[in-house]
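Student: Here it is: the structure, laid out below.
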Amino acid sequence: MLSSQHRLVTQPAIRAYEAFSAPGFGFNSKLLDDAFGGSGLKRGYISEVCGAPGMGKTSLALQITANALLSGSRVIWVETCQPIPMERLRQLLDNHVPSSQDEEEKCDTDELLNLLDVVYAPNLVNILAFLRNFDQEKHLKEIGLLIIDNLSMPIQLAYPTSPEDYAYLRLRRNTSKKSSLSDSSQKENTLTLNKENEFSSKDDSNFAFHNSSTKTTINRRKKAIGTISSLLSKITSSCYVAIFVTTQMTSKVVSGIGAKLIPLLSTNWLDNLSYRLILYSRHSTEESKDGQSRPSHQLLRYAFMAKQPPAHSAESELAFQLTSTGIQDYQSIPTNSSQRRKRSILECES
């Protein structure tokens with residue numbers, strides 16, 4: 001029999017129908033809304049946006065937060081390492097609140113901000129405690145959107161990556177390759193390979209002796225990420241909210257390719273994830289083919305949907321601008337276009 005923490009909370013069917021049939025929370029961008037299923041973020045789905053610092057992850061979160069507040073839904077914003085930019089959010093709300101209405105009917109920005117709850121969770125313990133007790137939140141039935149800004153920071157603080165981690169993984173892969181090669185080798189090469197495996201075993205022993213905590217740290221990090229993923233999946237299933245998570249990228253050195261950026265969270269994070277959007281930029285001042293100059297690279301951002309449901313598959317790169325009034329579409333670039341960025345799209349997949 002499953003314990004109470006592993007059982008989903010039963011909910012009326014009518015509430016589930018109303019939640020999943022409700023319109024999504026848009027980005028004010030047709031390209032991004034289409035990439036997330038046609039109407040933006042939908043309730044019951046976990047979406048992630050990852051990218052290097054300054055790529056516009058928080059700007060996307062602010063945009064959908066403003067649209068969710070304007071729709072009358074309550075929003076919970078979890079801040080980890082930096083406070084929510086309230087002035088930018090207020091500016092987005094002011095730009096969308098009609099100014100031609102009568103004073104009695106006009107929706108005040110402060111009234112909209114009353115629907116926003118900010119939770120400060122600077123470390124992993126705070127994150128886990130908040131997610132485990134999410135069903136005890138006030139106004140639970142009114143919550144439509146959950147934002148977790150920079151989830152990767154608490155994980156990094158709890159289990160920081162180090163060069164020993166990559167050395168351990170590299171040695172483990174090399175040992176596995178040598179073992180498989182030894183099994184399929186011919187008889188005349190058996191003696192030579194056994195000597196190599198003997199040295200490899202000594203290296204493994206020395207490595208384990210000097211880095212006894214490396215494997216434990218890696219396993220604990222993976223377990224923590226898996227726990228967060230399971231808790232978020234439980235929240236979407238029981239509370240019918242849309243979850244939007246922003247994360248950072250990390251560098252990885254690949255033989256023959258060099259350094260590349262990959263999402264920080266490991267592959268077990270993808271099990272319950274519905275959408276993963278990767279942001280990047282191009283530092284170019286070239287003109288487009290039609291002769292029109294492109295916007296400044298400081299405002300223009302590119303995106304690629306690294307994971308999405310098969311029914312929503314879109315093989316294209318997205319380009320949008322970050323402006324003071326919000327997000328604006330620029331263009332959609334097919335992936336087979338001759339104008340490709342320097343780093344391959346596949347290099348961004350974990």
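Please read every residue number as a count from 1 along the shown chain.
The backbone N, Cα and C atoms fix where each Cβ goes, glycine too.
Swiss-Prot feature annotations, pasted as is:
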type	residues	note
BINDING	G51, A52, P53, G54, M55, G56, K57, T58	ATP binding site
REGION	331-350	region 'Disordered'
Student: Would you identify the secondary structure of G56 (ATP binding site) according to DSSP, in three states?
Tutor: coil
Student: Tell me the Cβ neighbour count for T58 (ATP binding site), meaning other Cβ atoms within 10 Å of its Cβ, over all protein chains shown.
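Tutor: Within a 10 Å radius of the Cβ of T58 (ATP binding site) lie 21 other Cβ atoms.
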Student: Neighbourhood of the ATP site (G51, A52, P53, G54, M55, G56, K57, T58): other residues with Cβ within 8 Å of the Cβ centroid, in order?
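Tutor: What remains near the Cβ centre is L279.
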Student: CB neighbours of G56 (ATP binding site) within 10 A?
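Tutor: I get 22 for this one.
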Student: Including all protein chains displayed, how many Cβ atoms other than that of G51 (ATP binding site) lie within 10 Å of its Cβ?
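Tutor: Counting Cβ neighbours of G51 (ATP binding site) within 10 Å gives 24.
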Student: Please give me the CB contact count at 10 A for A52 (ATP binding site), counting all chains in the structure.
Tutor: 15
Student: Any same-chain residues 6+ apart from P53 (ATP binding site) with CB under 8 Å of its CB? Would you list them in sequence order, or say none?
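Tutor: The list for P53 (ATP binding site) reads Q248, given in order along the sequence.
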Student: Restricting to the chain of M55 (ATP binding site) and a gap of 6 or more, list residues whose Cβ falls under 8 Å of its Cβ, or answer none.
Tutor: L279, Y280, S281, R301
Student: Around the C-beta of G54 (ATP binding site), how many further C-beta atoms are within 10 angstroms, looking at every protein chain?
Tutor: 12
